[in-house]
Amino acid sequence: MIELKVNDAQVKELLDDIMRLYGYDFSEYSKASIIRRINRLISLDRFEDFAAFRNHLRRHPDYLKRFIEEVTVNVTEMFRDPLFYNYLRTTVFPEIAMRPFIRIWHAGCATGEEVYSMAILLKESGLLHKSLIYATDINPDVVEKTRSGIFPLIRMREYSENYRMAGGTQDFSSYYTAQYDRVIFRDELKEKMICATHNLVSDGSFNEFQLILCRNVLIYFDRGLQERVLDLFDASLERLGFLALGTKETLKFSGLQQRYKQQQKERIWRKEY
Amino acid sequence: MEKGILVEDLVLIGGSAGSLDVLLQILPALRPDVQAAIILVLHRKATSETVLTQLLKQRTNLPVRDVEEKDRIWPGVIYVSPGDYHLLFESDGTLSLDDSERILYSRPSIDVSFESAAMVYGSRLTCILLSGANADGSEGMLFARKEGAYTIAQTPDSAELPLMPKAAIDNGAAMIEMQPSEILSFLNSRKHL
């Protein structure tokens, strides 16, 4: 049974608390999604009502971790949208391959499945040795998961199929070792990864990249925040670098539109100047 | 909440297996001056979305659009929700997409969209549930009914797969059952230009 537990005004109070007490600003996240995630968390963790939930969050700083983990969405998969990865491999990589050094940023990487997909692609294209992949997320727990390279065994059949559709030709299982119900990916894939927390709302640019991927993150932000985050990417991308978004995200309404050229029908844009 | 920026009449249609034929019966016969915004939330493969939109564009008199995130809802437009995302409704009259967990094995989840739309649109909302082989939609429709929405289930005997509308009748979510031709008359009798 779905019950209405929180309304707009209550969500605003809650987000104000979090900003004041803990310094995380969720005020420019899409309201519809935040409301839904908060309702879900209240019922998952069996709070009596909104007031009890709000009190608990105010009084227990350690519960903030749980809040961030459940309110931000961490659903991801390896080689998500395989044709997108195939396009990266066949069309984007040759453009950046001549660089002496390649820096890639996965912003909002969740548990890291797409980061490992990237490392595999780079390895197979002979580029991993001169690449650095920065994997960041607002949530320290998922950053730790990314760092560990441990994923559920049960998903591997699907990922192997995605990998093949993305143009992979190796035996996918050669990239990991299975142990009970989990697999751990090979260390050589991790050697070129830097995993760190980074909050797109409040943290700034920290490097200059040839490729930035931020897929299915902007959908959770309102237009104002989207625009600021895109400016952050713009400031972090070198000229002729590539910006990749999720399949339903676009630069169409942003200030970057003029200077970025969409690559065919892919959700990949190239910075022209 | 500013009500002025929300459309007056929002019709949200959920369906799964067997719903496409019904839609192709109803939507092409809509008056071109219908004022409602019509949004389709259907279970299907993520890859088939543009095909459906193309098909509807060719056959209907109203503009048909694939939903992009943060699109504003306009009256007299048919919106097709994408596969692999939940569709949510913002209080400023725009649409949001969400790629969180599947619900009842479904993304989009019709429950999620009915619930989210009901919170914003209340009595401005009409929910319609068509043919389908699982119970997605019935819980969300029950919630929407309590929030003041008008709720319609396709008559199970007219549905290729009756489970979905039947679930909404059995749990008391649907206020009325309609044949596809009655759904068409209902939509055409709504406010128009």
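Just so you know, glycine gets a Cβ as well, placed from its N, Cα and C.
Curation plays no part in TrEMBL annotations; they are all automatic predictions.
Under the heading domain 'CheB-type methylesterase', TrEMBL lists B:8-174.
Residues or ranges marked as active site by TrEMBL: B:S16 (among others). There are 23 other Cβ atoms within 10 Å of the Cβ belonging to B:S16 (active site).
Cβ-based neighbour count (10 Å, all protein chains) for B:H43 (active site) stands at 23. Positions annotated as active site by TrEMBL: B:H43 (among others).
DSSP assigns B:D136 (active site) to coil, not to a helix or a strand. Here TrEMBL flags B:D136 (among others) as active site.
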Cβ contacts of B:D136 (active site) (under 8 Å, same chain, 6 or more positions away): B:G14, B:S16, B:H43, B:I103, B:L104, B:S106, B:S109, B:I110, B:D111, B:M164
Secondary structure of B:S16 (active site) (DSSP, helix/strand/coil): coil
PLDDT averaged over every residue in the domain 'CheB-type methylesterase' (B:8-174): 94
